[in-house]
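Visitor: Questions regarding the structure given below will be posed in turn.
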There are 2 protein chains.
Amino acid sequence: MREPDFSKGLLTAVVVDERSKDVLMVAWMNEESYRQTLATKETWFWSRSRQELWHKGATSGNTQRVKKIMLDCDQDTILLYVNPTGPACHTGHTTCFFEQIL
Amino acid sequence: MREPDFSKGLLTAVVVDERSKDVLMVAWMNEESYRQTLATKETWFWSRSRQELWHKGATSGNTQRVKKIMLDCDQDTILLYVNPTGPACHTGHTTCFFEQIL
């Protein structure tokens, strides 16, 4: 089993709804948040703005149950297929990508 | 029309196949590559490893025709729905996310 390469810095994590296949959000993971995600089967990220471990939904209740994880060819980005409890976006939208620019 | 916020650094660009909704790749854009993408309706990125503008498919022929672009809530990530001419991955896979780790 190959593993993400944390020597490159933070991992880019793309979160996809496993049913609709909509991209819900993009966030960052350090090794600890990746391990917590595997251990709990819920998404944990590294908040770059707050510089702290962030269990998605810990305060809002909108956790994301992880169903499948795919690794990219150069091992610095992962794709997480999740079953979300509620909206991914802090604005209340289902997805953070709610604004069309083209 | 809102715009990506390049003052934060490089934009994260998630490329999705508009038909299958599969995530094909994740790459980076500076302002010039974003402008080139809008102007040509094909994907242009900023190669962090080569430190140069990168027109996807310029050498391989595997260009990506851009059909729709969505911006995220904090304006530092975009989602590009494309119609790809060939595989997205340099390994020959349709998508860079071909390895399942969970």
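Note that Cβ sites are derived from N, Cα and C of the backbone, with glycine treated the same way.
Annotations in TrEMBL come from automatic prediction, not curation.
What you see is a predicted model, and the numbers here were worked out from it, not measured in a lab.
As annotated by TrEMBL, Mg(2+) binding site applies to A:D72, A:D74, A:D76. According to TrEMBL, the feature Zn(2+) binding site maps to A:C73, A:C89, A:C96. Marked as domain 'Phosphoribosyl-AMP cyclohydrolase' by TrEMBL: A:25-98.
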Visitor: Taking each of the binding-site residues A:D72, A:D74, A:D76 in turn and counting other Cβ atoms within 10 Å of its Cβ, which one has the fewest?
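Guide: Lowest Cβ count within 10 Å among the binding-site residues (A:D72, A:D74, A:D76) is A:D74.
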Visitor: In angstrom units, rounded to an integer, how far apart are the Cα atoms of A:D72 (Mg(2+) binding site) and A:C96 (Zn(2+) binding site)?
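Guide: The separation of the Cα atoms works out to 22 Å.
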Visitor: Under 8 Å, Cβ to Cβ, against chain B: pull out the ones among the binding-site residues A:D72, A:C73, A:D76, A:C89, A:C96 that qualify, in sequence order.
Guide: A:D72, A:C73, A:C89, A:C96
Visitor: Taking just the CA atoms, what is the gap between A:D74 (Mg(2+) binding site) and A:C96 (Zn(2+) binding site) in Å?
Guide: 25
Visitor: Summarise the domain 'Phosphoribosyl-AMP cyclohydrolase' (A:25-98) as counts of helix, strand and coil residues per DSSP.
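Guide: Split by secondary structure, the domain 'Phosphoribosyl-AMP cyclohydrolase' (A:25-98) comes out as 10 helix, 30 strand, 34 coil.
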Visitor: Just to confirm my parser: what is the rounded mean pLDDT across the domain 'Phosphoribosyl-AMP cyclohydrolase' (A:25-98)?
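Guide: Overall, the domain 'Phosphoribosyl-AMP cyclohydrolase' (A:25-98) comes to a mean pLDDT of 97.
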Visitor: Are there residues of the same chain, six or more positions away from A:C89 (Zn(2+) binding site), whose CB falls under 8 angstroms from its CB, and which are they?
Guide: A:L24, A:M25, A:T95, A:C96, A:F98
Visitor: Least buried of the binding-site residues A:C73, A:C96, going by other Cβ atoms within 10 Å?
Guide: A:C73
